[in-house]
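Asker: Have a look at the structure that comes next, please.
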Amino acid sequence: MAHGNAPRDSYHLVGISFFILGLGTLLPWNFFITAIPYFQGRLAGTNSSAETPSTNHTSPTDTFNFNNWVTLLSQLPLLLFTLLNSFLYQCIPESVRILGSLLAILLLFALTAALVKVDLSPGLFFSITMASVWFINSFCAVLQGSLFGQLGTMPSTYSTLFLSGQGLAGIFAALAMLTSLASGVDPQTSALGYFITPCVGILLSIICYLSLPHLKFARYYLTKKPQAPVQELETKAELLGADEKNGIPVSPQQAGPTLDLDPEKELELGLEEPQKPGKPSVFVVFRKIWLTALCLVLVFTVTLSVFPAITAMVTTSSNSPGKWSQFFNPICCFLLFNVMDWLGRSLTSYFLWPDEDSQLLPLLVCLRFLFVPLFMLCHVPQRARLPIIFWQDAYFITFMLLFAISNGYFVSLTMCLAPRQVLPHEREVAGALMTFFLALGLSCGASLSFLFKALL
């Protein structure tokens, strides 16, 4: 069918729905890591969210290694379900996967909010929280993969809106934390309000998903979905690797350069090329993109090895106990990272440098390892071995700015270059491989964070 026969997206309701769904897929991860001060305050034995980044890192609560565990248990499900996607998608209907995941995430986040009012021992609170983190992020992995499958049937604009929603999830969480801190209410009420916020976001996501079958525009495209459930994984791969000109942002902190995935154009091309090539070999495709895939792994390994495990421990060097000490980490760590990461991913919509034939990319990616010692030598009061060299706040802010924008740019660049290194009929496999290596890099970085934390 031609696009001219498609109904209009009245009031952009479908676009808004997919934007909110994108936001909902990454709200859990971002709200957990942004609330590290609250969790460390609870693990110190106090039911308070008043613990600020400037106070909680000097307490013995870091014996739980909360920062490290929340990162690892958030990323391992992504790696696991990347491997299980094909089997899972064939066994469970799409609507059950999406709606069931959203409801499970809502209930688990409601539990997290309820625990604000419940006095628990630090050990029990840690165990319950880690279990919630694992299951919430497992459902998020299923949800994200399933929604990518739906987006494969929609015009590319809706892929962009979905990814833009993901990109703003981290910024939204940081702003929610700042609002909570600035509210002036008691710490417990502030924490309760903070954790209710993502519950509202997930509830809106459920409403948006349930509304899609009632919107003519959504029905027009979603009914063209292939019958075989396994196609959802393939569509996800195509979404990741279809555009040769724009960046493809996929990570715990996403954003939205333009994607060029048009199902109508694909149908037209299919009619023009009746003789399709044989199924591409995974090994052959891997040989073509292995260096780009390695770069993607290294980018996320560096990022997750210090963010948020080390960066969330950095405090202001100011001796005054004023507002700046309370707002320093939420602003300079989480808000700055998410804004600059989003900016870095967006840059690939305008230029791609270095290109796929350049050997400069691996060198630039490896240079990011310098951020590990730089952050470890910043003002982290709780340390036993390394000295503090970069005392001033300006050092940390500068490092974070470069760290975040380089993460966003190189992630988007590698996801963009991979499909350019293979033949058109191999891009699907290339996208699937890059998805796996993305998850591998996240898990490797989360695992390394334990080592770097121990070296402080």
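Just so you know, glycine gets a Cβ as well, placed from its N, Cα and C.
Okay, these came from Swiss-Prot:
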| type | residues | note |
| --- | --- | --- |
| CARBOHYD | ASN47 | N-linked glycosylation site |
| CARBOHYD | ASN56 | N-linked glycosylation site |
| MOD_RES | SER251 | phosphoserine |
| TOPO_DOM | 1-12 | topological domain 'Cytoplasmic' |
| TOPO_DOM | 30-68 | topological domain 'Extracellular' |
| TOPO_DOM | 94-97 | topological domain 'Cytoplasmic' |
| TOPO_DOM | 117-124 | topological domain 'Extracellular' |
| TOPO_DOM | 144-160 | topological domain 'Cytoplasmic' |
| TOPO_DOM | 186-192 | topological domain 'Extracellular' |
| TOPO_DOM | 214-291 | topological domain 'Cytoplasmic' |
| TOPO_DOM | 312-323 | topological domain 'Extracellular' |
| TOPO_DOM | 343-359 | topological domain 'Cytoplasmic' |
| TOPO_DOM | 379-393 | topological domain 'Extracellular' |
| TOPO_DOM | 414-431 | topological domain 'Cytoplasmic' |
| TOPO_DOM | 453-456 | topological domain 'Extracellular' |
| TRANSMEM | 13-29 | transmembrane segment |
| TRANSMEM | 69-93 | transmembrane segment |
| TRANSMEM | 98-116 | transmembrane segment |
| TRANSMEM | 125-143 | transmembrane segment |
| TRANSMEM | 161-185 | transmembrane segment |
| TRANSMEM | 193-213 | transmembrane segment |
| TRANSMEM | 292-311 | transmembrane segment |
| TRANSMEM | 324-342 | transmembrane segment |
| TRANSMEM | 360-378 | transmembrane segment |
| TRANSMEM | 394-413 | transmembrane segment |
| TRANSMEM | 432-452 | transmembrane segment |
Asker: Which listed stretch (69-93, 98-116, 161-185, 292-311, 324-342) has the most C-beta pairs under 8 A with the transmembrane segment (13-29)?
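Answerer: Out of the listed stretches, 161-185 contacts the transmembrane segment (13-29) most.
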Asker: With an 8 Å cut-off on Cβ pairs and a sequence gap of 6 or more, do the transmembrane segment (360-378) and the transmembrane segment (193-213) reach 3 or more such pairs?
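Answerer: With fewer than 3 qualifying Cβ pairs, these stretches do not touch.
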Asker: Cβ pairs under 8 Å only, please: of the recorded stretches 193-213, 292-311, 394-413, which one is richest in them relative to the transmembrane segment (324-342)?
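Answerer: It is 394-413, which has the most Cβ pairs under 8 Å.
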Asker: Going by DSSP, how much of the topological domain 'Extracellular' (117-124) is helix, how much is strand and how much is coil, in residues?
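Answerer: Output for the topological domain 'Extracellular' (117-124) reads 4 helix, 0 strand, 4 coil.
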Asker: Other than its close neighbours in sequence, what residues sit by the transmembrane segment (125-143), given a CB gap under 8 Å and a spacing of at least six beyond its ends?
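Answerer: 24-26, 28-29, 32, 39, 42-43, 64, 66, 69-70, 73-78, 80-82, 88, 97-98, 100-102, 104-105, 108-109, 111-112, 115.
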Asker: Ranking 193-213, 292-311, 394-413 by Cβ pairs under 8 Å to the transmembrane segment (98-116), which is first?
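Answerer: Counting Cβ pairs under 8 Å, the winner is 193-213.
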Asker: Any residues 6+ beyond the ends of the topological domain 'Extracellular' (312-323) with a Cβ under 8 Å from its own?
Answerer: 33, 36, 53-54, 57, 62, 67, 329, 332-334, 375, 378-382, 391-393, 396
Asker: Please list the DSSP helix, strand and coil residue counts for the topological domain 'Cytoplasmic' (343-359).
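Answerer: Helix/strand/coil tally for the topological domain 'Cytoplasmic' (343-359): 5 helix, 0 strand, 12 coil.
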Asker: Looking only at the topological domain 'Cytoplasmic' (144-160), what are its DSSP counts of helix, strand and coil residues?
Answerer: 13 helix, 0 strand, 4 coil
